[in-house]
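Structure, as C-alpha cells:
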Amino acid sequence: MAQVLTEFDTIAAISTPIGEGGISIVRMSGEDAIKIANEVFKGADLAQVPTHTIHYGHIIDPDTGKTIDESMVTVLRAPKTFTCEDIVEINCHGGIVVTNHILQLLLKHGARMADPGEFTKRAFVNGRIDLTQAESVMDIVRAKTDKARQVAVSQLEGGLLHKIRTMRQEILDTLANVEVNIDYPEYDADTVTANQMADTAKSVIEKIDRLLKTAQEGKILRNGLATAIVGQPNVGKSSLLNYLTQSDKAIVTDVAGTTRDTLEEYVSVKGVPLELIDTAGIHHTDDKVEKIGVERSKKALERADLVLLLIDASKELTAEDKSLINETDSKKRIIILNKSDLGQKITVEQMKKLTGSEVISTSILKEDNMDELEELINKLFFAGIENSNDQVMVTNQRQTSLLHKAKSELEDVIQAVDDGIPVDIAQIDFTGAWDTLGEITGESAPDELITQLFSQFCLGK
C-alpha cells in the first residue's frame, strides 16, 4: 500500500445531493480542516475536542458576525478516518442556499473545492483502501438491488483485494526462486524453475478463470440488465412498464402511438436489476416525430440484453408482429401474449412452436400470470451464469480486461516453457502478469489510470 502523504491541502465539498432536504453535509479533509471549521463555528472549541465526537452550535460568518445556520459538527482526527487525514463534517439544514453559503465560507477561509472523487482518492493514496475498494464506494452508492449492495460491501471489505493479492504472492514466491537461479547459474536449476513458473502460471490461471466466471453477473448487478419492451403501438408496453415500476411513468391510453420516445427506469425483479426501456411502437409511420421515436426504439433494441416482446393475443399475427419476431430472434427474449382476457387468437403452444422462445399469456391490466413473467426474467438472467453465491465478483470492465490480460501473459509463460525458451526470457511475461494484477488493486497502476478512475466519482465522495 502507498505511504501516508501529508502534503495535501485542505479540500471541501457538499457530500449530500443538492436540493431541498432535512439535512445536508459539507465535508472537509486535510491538515487545516479543524482550524478552518473552528473559524466559522460558534460552540465548542473544535481544536480541543476529542476525535470522533459531534458538537452542536452555529455557523457564523466572521466578517459580518451573522448566523448562517445552526449545525452539528463532527470532528474526526487523523489517522483513523476515511482519508487518513483530519476530517470535519458540518451537518446543516438541507437546501441549496444555506449549504452553498457554508461551503463558500469554508473556501474563503482556506479550503479548496474538492475534485470529483478526491476524498476517496486521498483514502487510496494514503493507503486506507485499494482501487477495488475505491470502486466499491460508488458501487454501494449506485447499487440497484440488495444483491448488488452485498457484492459492493464485500469488495469494500477487501474480498477481491484478498484474492488478487493471493495470486500476486503466488507469482512473487516463484519469481524469487527464478531470480536466485538467474543470479547463481552454477546451481543449474534452470529446468526446475521453468517448471515452477509453468505450474504457478497454471494455478493462477485457474483462479483468474473462477473470477472471470463472475464477470457477467457482476456487470449486470452493477449496471442493470438492459431490457427493451417492444411491440406494436397500443399493445400494452406502457402498461407493462407501469406494472413493473409500480408507477405511472408512461401514459396509458387506447390511442396508438402515445409513447413517442423511449422511457427508461431501473427496477428490481426477483433480485435482478433491470434497466427497463419502454420503446415507441416499432412500425411504419409518416409522422416525423413518431419516426424519431421508432428509430430510437430500434437503437434501444440493438443494445438490449433482454427483450420483452408484446403481441396482442386477441388478434391474428400481423406482418409487423412477424417482423418483430424476426428482429429479436438473436436476443434473449420473453414473448408476452397480452390481452388474453379479450379472447385468444394465438396460443402459448403455437407461439412456442413458431419461435422456440419463452412465452406467457397474460392480461397486464388485470395482472394475470405476472408472477410467471418475473420468474422467467430471473431464469433468463441466470442462464449461462455460474452462480456460486460468492459475494466476491468482478464488477466492471477495467477489472475484467486486466484479468484477461494477466491470463494471456501467463499463457505465454506456459508456452515459452513448453518451447524451451530460457527462464530469464519467459520471466518477462511472468513479471508482466504480476504487474497487471497489481493494476487491479492500484499497487502498480499508472497515475493516469488512477486520475481517470477517480474523475468518474461525484463531488463529495
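Each residue, glycine too, has its Cβ placed from N, Cα and C.
Taken from Swiss-Prot, the feature (6S)-5-formyl-5,6,7,8-tetrahydrofolate binding site covers Arg27, Glu89, Arg128, Lys461, and the record attributes it to sequence analysis. Secondary structure at Arg27 ((6S)-5-formyl-5,6,7,8-tetrahydrofolate binding site), taken from DSSP and collapsed to helix, strand or coil, is strand.
Taking the Cβ of Lys237 (GTP binding site) as centre and 10 Å as the limit, one finds 31 other Cβ atoms among all the protein chains shown. Swiss-Prot lists 234-239, 253-259, 278-281 with the feature GTP binding site, giving sequence analysis as the kind of evidence.
There are 18 other Cβ atoms within 10 Å of the Cβ belonging to Asn234 (GTP binding site). Per Swiss-Prot, the feature K(+) binding site maps to Asn234, Thr253, Val255, Thr258; the stated evidence is sequence analysis.
Among the features that Swiss-Prot reports, Mg(2+) binding site is placed at Ser238, Thr259, with the record citing sequence analysis. The number of other CB atoms found within 10 A of the CB of Ser238 (Mg(2+) binding site), across every protein chain shown, is 21.
Sequence annotations record features per position, and here Swiss-Prot assigns domain 'TrmE-type G' to 224-382.
Following the DSSP three-state reduction, the secondary structure of Ser238 (Mg(2+) binding site) is helix. Closest in space to Glu89 ((6S)-5-formyl-5,6,7,8-tetrahydrofolate binding site), of the binding-site residues given as Asn234, Lys237, Ser238, is Ser238, taking the CA atom of each residue. Residues belonging to the domain 'TrmE-type G' (224-382) score a mean pLDDT of 79 in the model. Using a 10 Å radius centred on the Cβ of Glu89 ((6S)-5-formyl-5,6,7,8-tetrahydrofolate binding site) and all shown protein chains, the other Cβ atoms total 19.
Counting only residues at least six positions away in the same chain, the Cβ atoms of Phe82, Thr83, Cys84 sit under 8 Å from the Cβ of Arg128 ((6S)-5-formyl-5,6,7,8-tetrahydrofolate binding site). For Lys461 ((6S)-5-formyl-5,6,7,8-tetrahydrofolate binding site), the number of other Cβ atoms no farther than 10 Å from its own Cβ, over all displayed protein chains, is 19.
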